[in-house]
Structures are given as C-alpha cells and as structure tokens.
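Report on the structure given below.
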Amino acid sequence: MGSSMHVGVIGCSGRTGKVIVSALEQSSEYTLGPGFSRSSALTLFQVIAHNDVLVDFSHPLLTKEVVAHLLISPKPLIIGTTGFPGKCKEAHDSLEELTHIVPVVVCPNASLGAYIHKRLVMLLSQLCNPQFDIRIRETHHRYKKDSLSGTAQDLLDTIQQVKQEDWGEEYEVGQRDSSKKTIEVQSSRVGDIPGEHEVAFISSGEQILVRHTVFSRNVFGRGILSILDWLKTLNPQPGLYSLGDTLELVLRNEHCLLKKTTDH
C-alpha cells in the first residue's frame, strides 16, 4: 500500500465518524476518500471503488451490507460498529469469508488506553478468585443509542472467557446470586461524556477498581490512524485482527522513543 492511501469512512456523519474524518483531513499520510452515510450522493459500491481502505463506524445492518459488498470488491476493513457481527450467523459467516481475502480489524474502541485497560482487566480476571464479585459500569453521552456499549461488551466477553479458561467457572450477566457466578453490568447515558468504563473486583474485605475515561473523542481518531499505520507498514496477510494486534507496533515504537530519550 502506497503513501497516498485513500480511506473512506462508513458512518461519516456520526459522532465517531466525524472525528475520524477530521483526523484523516489533518493527516499528511492518508487521503480522505468519499464516505458513506444516509445522505450520501454516492452508492456504497461507488464509495468502496474510490477507496483503498474502509473504516466502518455505522450500524450492524449497514456493516453487514459493507461486508457483502467487499466480498465482491475486496478492500481492507476496519470495523468499530457496536453489535457486529453479534449473534447473527449470516454476519459471522460473511465476516469469516472476508477475512480469508483481506485483513479485517475489529475494534469496539480504538483508543490505546482502552486496550491497556482491557489487558489489566484480563490480568485481574486471572488473579482474582471466585470469592470476588465482578461489576462492569459504563457511562456515555445521552445520545448514544446502544446499551451495552461495544467496549463494555468486549470487556464482558473477555472476563467470561478468562474465568472459564483459568478457573473453570461459567459467569452469567445479572445481579449477584449465591447459586451461580454473575457479573453485574450497569449502563448510564448522561450529559456529553465520550466514554468511561470501570471494572470492579470486590470481595468481602477489599475492592480492586480499574477505570478508563475518555476526555476527548480525538483519541478515537488517533487510534484509527495507528491502525492505518499498521496496515501500511506491515501489509498484513488476510485474517481477522484485533486492536491489540495493531497497537503492539505503536507500543514498540513508543518504547524505542522512550529508550532513546532516557539514553541521552
């Protein structure tokens, strides 16, 4: 992929979509291509044809359509749409088919801090025994339609997987119940908060709390640029990738810069 990579944003009129569009407009590494929204003059096929990479932060039904179009005209895809592919078998199958053709990055939250937060939650899920109750609490702006957020759902899935693999315990979502292991999940939609996710591990005598708070939506734009850097630099093979796969490059680069600074 060349330095003049054209990037199209699906869902370009949404809150996150606008942030990504702004980040691309200010970038010297990438060219903002035509995007797609409800008011687009171009068809989805035309938008795909005019771009080298697609970034999708839209709606599960539209993302499903995007994947179907890309199976005909393959392009690398970054998906940040909440609830995709969800439990829809057809969406899962189409996405899997696309990953055999092009690299696809699925990232419910594109910020570096969210990735670090998730890693910490994974570690605590391994270390905290079943005597610790677990609570996930997420807060977003009043206009956010989805509840649970994609990031909170990803944290929930991560905790359930780790508890199953490391402790052999099945955790369900719900209020605390002595007869089964549960994870309490709370959602709040207030004000203009870009996003806050908090996971608590609570025993009878202590609490461990990890929280990630977004102060500016610009972090999502920077995160997408980091993923694009990864695509351009490594030119990965077709496959399904996570934000963690792409941010390892960013973390290594930052470590090298820090080492150079301290060496001087």
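The backbone N, Cα and C atoms fix where each Cβ goes, glycine too.
If you look up Swiss-Prot, you'll see Gly11, Cys12, Ser13, Gly14, Arg15, Thr16, Gly80, Thr81, Thr82 marked as NAD(+) binding site. Counted within 10 Å of its Cβ, the other Cβ atoms near Arg15 (NAD(+) binding site) come to 15, all protein chains included.
Sequence-distant neighbours of Arg38 (NADP(+) binding site): residues of the same chain at least 6 apart with a C-beta under 8 Å from its C-beta are Ser13. According to Swiss-Prot, the feature NADP(+) binding site maps to Arg38.
Feature annotation from Swiss-Prot assigns active site, proton donor/acceptor to His140. Summarising the environment of His140 (active site, proton donor/acceptor), the number of other Cβ atoms within 10 Å of its Cβ, over all protein chains shown, is 24.
For the recorded site, Thr151 ((S)-2,3,4,5-tetrahydrodipicolinate binding site), the DSSP three-state label reads helix. Marked as (S)-2,3,4,5-tetrahydrodipicolinate binding site by Swiss-Prot: His141, Gly150, Thr151.
Taking all protein chains in view, 17 other C-beta atoms sit within 10 angstroms of the C-beta of Lys144 (active site, proton donor). The active site, proton donor feature in Swiss-Prot is assigned to Lys144.
Within 10 Å of Lys144 (active site, proton donor), counting C-alpha to C-alpha distances, fall the following of the binding-site residues Gly11, Arg15, Gly80, Gly150, Thr151: Arg15.
In sequence order, the binding-site residues near Gly150 ((S)-2,3,4,5-tetrahydrodipicolinate binding site) (Cα within 10 Å of its Cα) are Thr82, drawn from Gly11, Arg15, Thr82.
Between Thr82 (NAD(+) binding site) and Thr151 ((S)-2,3,4,5-tetrahydrodipicolinate binding site), the C-alpha separation comes to 8 Å. A helical conformation is recorded for Arg15 (NAD(+) binding site) in the three-state DSSP classification. Packing around Ser13 (NAD(+) binding site) is summarised by its Cβ count: 15 other Cβ atoms lie within 10 angstroms of its Cβ, all protein chains included.
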